[in-house]
Amino acid sequence: MTKITIVKCPQCGTNVEWGEQSPHRPFCSKKCQMIDFGEWADEENAIPGAPDMSDSDGWSEEQY
């Protein structure tokens, strides 16, 4: 017997069955997925930790 895994949509809290029948998992819908993406793009969400202020990417804000 296969155990069905149910997770809560991180955006609205709706129960979502974790499997191929839920293409937007862990979200319940494309709408919730896009709302979450927008929050990350607007920097409303962030991964905790100190910001990396090094210039290791080779880019600089100085004009030449």
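Cβ coordinates come from backbone N, Cα and C, glycine included.
Features as listed in Swiss-Prot:
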- CYS9, CYS12, CYS28, CYS32: Zn(2+) binding site (BINDING)
- 42-64: region 'Disordered' (REGION)
- 54-64: compositional bias 'Acidic residues' (COMPBIAS)
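The least crowded of the binding-site residues CYS9, CYS12, CYS28, CYS32, judged by other CB atoms within 10 A of its own CB, is CYS12.
A coil conformation is recorded for CYS28 (Zn(2+) binding site) in the three-state DSSP classification, outside any helix or strand. Same-chain neighbours of the Zn(2+) site beyond CYS9, CYS12, CYS28, CYS32, judged by a C-beta within 8 angstroms of the site's C-beta center, are, in sequence order, PRO10, GLN11, GLY13, THR14, VAL16, PHE27, SER29, LYS31.
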